[in-house]
């Protein structure tokens with residue numbers, strides 16, 4: 001939103017300097033992006049009247065002029081402008097003047113003729129282009145000798161504000177003036193809206209066919225206008241200083257009313273319309289050539305203003321070329337409407353162009369402003385272009401409901417931290433146009449039609465705070481006794497998990513929670529993932545239920561960059577559906593290991609990491625927790641190299657090698673190893689208990705069992721551990737044999753058993769019965785002792 005300070009002062013009786021106003025607006029939430037004067041710095045330029053013009057004796061394109069600059073003597077100036085003539089008044093820079101760019105004026109000779117100054121164009125003064133080739137011609141009543149900066153108000157400050165989407169009420173000079181009045185307490189002078197008398201004549205019927213999209217539509221016919229009339233200089237200046245180019249008088253009047261009071265308008269050529277006006281949704285196959293010379297195919301989600309023949313304009317966005325006014329226009333139809341922001345929002349992106357009107361409509365326009373806008377525009381048309389106005393014709397659809405919001409003074413003090421007197425609060429609310437009514441707890445306000453953003457108590461507190469001035473709220477540094485929170489012994493710190501993974505050579509990664517739907521099918525067999533209603537892209541259409549897909553993608557990126565040994569982990573949330581259909585999210589830790597077990601080095605052979613390498617990492621991560629690894633058929637993993645991680649009878653995760661069928665699909669030279677565990681289970685741990693070191697030597701017994709291939713090592717270890725007593729300190733596999741001497745389908749598994757007594761030296765009498773018990777348990781499970 002751009003406006004000039006001089007225009008603002010016609011509605012807000014403020015004497016603040018431009019610098020102070022800039023600070024005030026910014027601190028109140030209306031950020032001033034730029035504040036600059038209407039013209040660049042220059043000095044020594046006055047209004048001069050050309051008294052005579054003679055051809056230069058020695059140059060065809062130069063003229064010798066004598067001008068009156070108000071000093072009582074005529075000044076001779078040589079001028080080359082093609083439009084110079086006697087009787088005109090123009091800007092004149094005298095010797096000693098300094099023009100933009102530090103261009104200094106001094107007496108000089110031009111082809112032998114003395115020139116004591118320079119007659120100026122708009123370009124030479126740094127002013128907006130007036131479309132004239134030559135001197136900037138001033139009005140006939142311009143006072144000779146007056147400083148041009150003073151006459152044209154070139155020291156006027158132009159403010160450019162960054163208006164947030166919720167403050168559409170500030171997209172007009174009236175809205176800014178109302179805001180300044182509330183902030184400073186100065187008088188707010190609303191633009192005078194005169195009810196213009198109707199002189200009979202024609203009317204244009206209006207029908208709203210989409211009442212939910214258009215709450216109000218008003219039209220008025222004005223006949224016999226002079227569309228060739230010149231836009232007054234005062235109006236043209238205000239438009240230009242608001243960043244809008246003057247086009248033609250009828251278009252300029254519509255733009256002026258929009259800037260002045262905030263209501264976008266449109267002007268139709270009445271003679272180009274057929275029948276009544278309809279506000280409806282576009283029909284399939286309809287097209288419209290717009291004022292920007294673009295022809296668009298209209299979608300059925302688009303609101304249009306149409307006549308009996310077809311669409312005339314994109315409602316709230318841009319008019320159509322077929323019904324546009326021109327210099328030949330004699331009869332016009334003024335339009336002012338209220339369109340629901342929802343129907344206008346997004347149309348600028350949809351059709352590839354926007355307008356000042358759409359910028360306002362999609363944020364919300366005052367739904368009680370339309371009649372005032374028609375009256376104001378009618379007044380200006382009759383004043384500048386003449387004509388006879390007909391009656392206003394109004395159609396009404398669905399308008400927003402009037403909202404009432406309560407404000408508790410106690411809550412206001414709690415939130416802002418300052419006790420603002422009730423009388424001051426009431427004054428602020430009144431200046432904001434919120435019509436406060438006193439209640440037992442504070443006030444009840446009625447949100448005005450121009451404030452769509454006043455909906456709840458917090459909105460009112462924000463308004464009070466910014467008008468009162470956040471910088472006026474005293475600093476009150478929070479103080480209090482801080483209690484050190486206890487960390488339970490059964491819960492390990494989160495940072496310990498990160499440190500553990502980093503210490504084992506894993507690098508932390510972060511991936512999107514939005515993933516490719518195919519990943520969910522491949523890595524989790526999830527045919528019904530949680531789908532996003534508005535995905536960022538097609539490849540990010542669902543929420544992940546596993547971390548494996550993201551880790552595999554990161555592996556691919558590293559392989560593309562010639563990294564042949566990759567170890568990464570991620571701690572993040574996964575998403576699913578509970579038994580009751582509600583969404584659930586759990587935090588998990590996932591890891592991936594690809595490539596060699598150890599970095600390449602001279603002291604040992606290089607081998608690829610296998611299932612047992614990553615299983616060791618998982619065991620180390622869960623070292624304070626009793627876990628078992630149970631063979632599983634997880635969809636992402638190799639059927640023979642995968643296990644569920646079980647704790648207290650509950651599956652808390654899985655570990656294994658990626659299934660071979662995914663290697664070719666995801667362009668992986670070899671299978672990576674992966675794991676995924678519930679983070680809650682990782683953070684839970686048993687208490688660390690002190691245990692004395694035994695003074696007595698341990699005893700080792702090695703047992704080799706012949707068992708079926710279908711029987712896993714874990715099955716054997718579970719049986720042996722179940723038969724052990726407190727003397728058994730460790731049972732583990734140290735060798736597996738297949739081949740000669742064993743029946744087909746059988747294998748030999750060698751197990752070491754470490755026994756130790758904390759109080760006595762173990763004897764054969766104590767050891768042998770226990771070993772026999774272990775052998776018996778294994779035999780009962782289908783594993784016989786190898787002889």
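Here the Cβ of each residue, glycine as well, is placed from N, Cα and C on the backbone.
Mapped onto three states, the DSSP output places residue 463 (Mg(2+) binding site) in helix. For residue 463 (Mg(2+) binding site), the count of additional Cβ atoms within 10 Å of its Cβ stands at 22 [all protein chains shown]. The Mg(2+) binding site annotation in Swiss-Prot covers 453, 459, 462, 463.
According to Swiss-Prot, the feature domain 'tRNA-binding' maps to 39-149.
The feature domain 'B5' is assigned by Swiss-Prot to 400-475.
Taken from Swiss-Prot, the feature domain 'FDX-ACB' covers 694-786.
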PLDDT averaged over every residue in the domain 'FDX-ACB' (694-786): 92
Local Cβ density at residue 462 (Mg(2+) binding site) - other Cβ atoms counted within 10 Å: 17
The domain 'tRNA-binding' (39-149), counted residue by residue under DSSP: helix, strand, coil: 6 helix, 48 strand, 57 coil
